[in-house]
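Everything below concerns the one structure shown next.
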Amino acid sequence: MPRSRINGNFIDKTFSIVADILLRVIPTTSGEKEAFTYYRDGMSAQSEGNYAEALQNYYEAMRLEIDPYDRSYILYNIGLIHTSNGEHTKALEYYFRALERNPFLPQAFNNMAVICHYRGEQAIQQGDSEIAEAWFDQAAEYWKQAIALTPGNYIEARNWLKITRRFE
């Protein structure tokens, strides 16, 4: 039985029911349906903090999913898990891969900026202001891209860009 069928969360159950109805009425292949089931189960496991299970489901969804747009969200979610696990290099790789397939993911740009900013802060703590500035400059570029895609969002990032004189 798919994980999403046994999840006790009302929102997850509602999402699963709606998704099942849509899968019945929208013409899709069996592979697309199976990919979506794995993706949905991955999201369910991820929301509960079961990252290993979520990754297994996402990797299986990636194997089956052929649509680049849908693949971008799978890759993005894999990046989120690696970010949560502190595996920032891997996370950046998955965010890049997601953006290759869908350049309109402001949340991926934002998460990449957050990682770069964090690395800049680490460099300051280690006394390397030159490396810190390079990381901060990279964070600024990613935040600018996120803001360009969704101008009303990322207010804190916009303020940081203004305060640090990185916003044009």
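The backbone N, Cα and C atoms fix where each Cβ goes, glycine too.
These come from Swiss-Prot:
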type	residues	note
REPEAT	35-68	repeat 'TPR 1'
REPEAT	72-105	repeat 'TPR 2'
REPEAT	120-153	repeat 'TPR 3'
Checklist outcome for this item: Tertiary contacts of the repeat 'TPR 2' (72-105), defined by C-beta under 8 angstroms and 6+ residue spacing from its ends, are 39, 42-43, 46, 51, 54-55, 58-59, 61-62, 65, 111-112, 115, 118-119, 149
Checklist entry - With DSSP helix as H/G/I and strand as E/B, how many residues of the repeat 'TPR 3' (120-153) fall in helix, strand and coil? => result 27 helix, 0 strand, 7 coil
Checklist entry - Per DSSP, how many helix, strand and coil residues does the repeat 'TPR 2' (72-105) have? => result 27 helix, 0 strand, 7 coil
Item to check | Within the repeat 'TPR 1' (35-68), residues counted as helix, strand or coil by DSSP | outcome: 28 helix, 0 strand, 6 coil
Checklist entry - Can you tell me the mean pLDDT for the repeat 'TPR 3' (120-153)? => result 98
